[in-house]
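Colleague: Structure below; questions to follow.
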């Protein structure tokens, strides 16, 4: 009783500590998949395309997640799938953040008619349901991993543009910026030294959360048949194969769990980051 | 007229939060019909916590001890069901900020009618609305039949506080608690609200508990004063006796800007230093670090309330204070 | 208020025009010959048909002129002809629209009611095990791939436990109710066919849950946060001081206030539902616009894909408008300027 009340005497500190396990779990999940993606070639007993057993075998000791319609090991294919999904997600998020931030920051900082036009473009892009737009673009460009990535970037960059623009406008309205202007800072210096350092936080949080969403969207496109082509061990297309062999549930199980775990991990990290970086909470 | 039996009797009330912090440490006072008891103290003195305990609405996980008797019925340890019956019917409460204490999405008339019907379930909605209109009339809201259909954001601050009062007196409660009812209002409106509250006593035999910072209000309407500091009552007595001859340096400090009650009172002047934090209370007398006349005994023994003349005071030097010069505070303040 | 609605309505055509131009750009991005998007393969050797198509879509004219023609055709409801079904895209879409609407509405009902309920429970029992459980369930909803959860749940509930019929919309041996709205559950009720209603509902339950789960996740988190905020307000204490009981305080005094910020999200979550419907429908073989879009994408049926995108975007814009207007009505404090 006494120790309990002593613990709870520092309520803010306690909630901070409670938030930590989520961060640790989230980072743990992501590190696991990154390590798997980078090293799987060196320790995996089979090639992802190797036929190792009879087809459609349920999980067993020799093949933990069973075998697929061609007799390939589902677990090993799931591990190899991390290579595709993580690569796409990293490229897409990096490209979207870069394009979006630059456009948003410049647009918000300089204003005027380019700002209006860019923001209308953002509005229009964001008024498409993301999967539908990505689907249309990917279909227009033709199937393939590269085109999937391009399609997702087109769908995703406006989110960051809007976010960054809002932040820049917010920071611009603060007092110390006026002070810097009064102090004779040049416009470039103002943007680089005074505004951007104060504007990146929401973008970082959002990008962390979105990483999981991008993995999901890329997998969705593959599931539809617009991303990676079938023999490739990509999670979305593996689930699609699972759907085709509905009674062999294990084919889809691993890849789906992988997508889910990355989504959860990103959410854990993003939530914790938001609590830590956002002074408004508490 | 003083009835012999108090409506509300609070004896040795203690409230501790779940963090093990004692916010109210043995508070006692009585409220009689048609009388006004004023609780005075700085923020953090435990006065709001005291009245929330009386309402049976302490913060979650807080623990209560002592005794609160309403018309002789013990409230400490009473069932939530019973407390709910009493809240709003026998005991009402008015909040500090009428901007935040009225639900923004419910029409004002419905808020008041709800207060009526919660305790008169057989009354029809129409009758309750009629009663709401009467109540708004009682608290002098113009055009009550129109106003009942409006939302709180369509009211001015003073009018909102009148709505609050109408809600609290909907069932002619025996005891009405007003937690700093004028603090959030414009100066010009404050007097009107106090007048409305004070006039209630002519309509039904209500006992008022008035929490306030404003000593002018205390001087104007209170019958009894309870001064709280660090969760304890440090001085209590009839309003005249306290204003004429307080025996506690803290009360003296609060009063130091009031040369006499005959002159129109001003606001509370700050006493140098801050009230002690709840978790790190000083040893002995909690007022010691800020007291201009603290001596050795003050750091070892916490003074208990004792009667000196008409007043009960918790100071080791209550007797000497007859001649104490409050200007000592100004000097300390100047040098600080 | 009225001027606000009018202004928003006036802005709609411009946004739709923007959407159309994006669609126009997309249709010109396609690697295929734009003619292929308009004329079926078999007709490609027929110079008359080609000339007619060229004239109708102005393919021999300059790009801006083509754009004008494109928009004019859109306005008159001409979205082109599907490669795959060889029928006008608009006909295909309008035939499949009721199925999608039924699914989305059902998912909306499941998602909002469970999301709000979970949020209230989580806020009421803050930091208790039930709170963590509710939050975890909600988090799952917003991260789980619907095409995976749908597949697994269908396998477990249909194959393992036979609680749910297989994929599809109605018992293949039975006769769907006569057409009124095209939504089987509603039509069955209109026809007074209670058995048919139950059958349709039986098929609808799982896809609606799978699709609605994402909305549950979003809403539960939001309602929880906003309930916690509201429960700390003075007017809640004032309600208790009046003698209001726990349930009354929670539902009459706290919930309506907590719902105001949530309302916007309910409207915007429509976008998630359209997105999710595409994938959910294809898992459950639900004959709606979503599975039409997926089948079109798989076969690179450009006119169909772009038509579906256009319809989706319009629905999305419209739902946002409705949301904003509802929000304005629900919050008595708001003054629209």
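Even glycines carry a Cβ here, placed using N, Cα and C.
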Colleague: Which stretch does TrEMBL mark as transmembrane segment, out of C:53-73, C:74-94, C:137-157?
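Modeller: Comparing C:53-73, C:74-94, C:137-157 with TrEMBL, transmembrane segment matches C:137-157.
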Colleague: Given the ranges C:176-199, C:200-223, which one is assigned the annotation transmembrane segment in TrEMBL?
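Modeller: It is C:200-223 that TrEMBL annotates as transmembrane segment.
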Colleague: Would you please say which range out of C:11-33, C:103-125 has the annotation transmembrane segment in TrEMBL?
Modeller: C:103-125
Colleague: Between the transmembrane segment (C:304-330) and the transmembrane segment (C:200-223), do 3 or more CB pairs sit under 8 angstroms, pairs being 6 or more residues apart?
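Modeller: Contact between the transmembrane segment (C:200-223) and the transmembrane segment (C:304-330): absent.
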Colleague: Report the listed stretch (C:103-125, C:258-284, C:304-330) having the maximum count of Cβ pairs within less than 8 Å of the transmembrane segment (C:137-157).
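Modeller: The listed stretch sharing the most Cβ pairs with the transmembrane segment (C:137-157) is C:258-284.
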Colleague: By a Cβ-Cβ criterion of under 8 Å, what residues six or more beyond either terminus of the transmembrane segment (C:103-125) are in contact with it?
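Modeller: Tertiary neighbours of the transmembrane segment (C:103-125) are 131, 134-135, 137-138, 183, 185, 204, 207-209, 211-224, 226-228, 231, 250, 255, 258-259, 262, 266, 269-270, 273-274, 276-277, 280-281, 286, 288.
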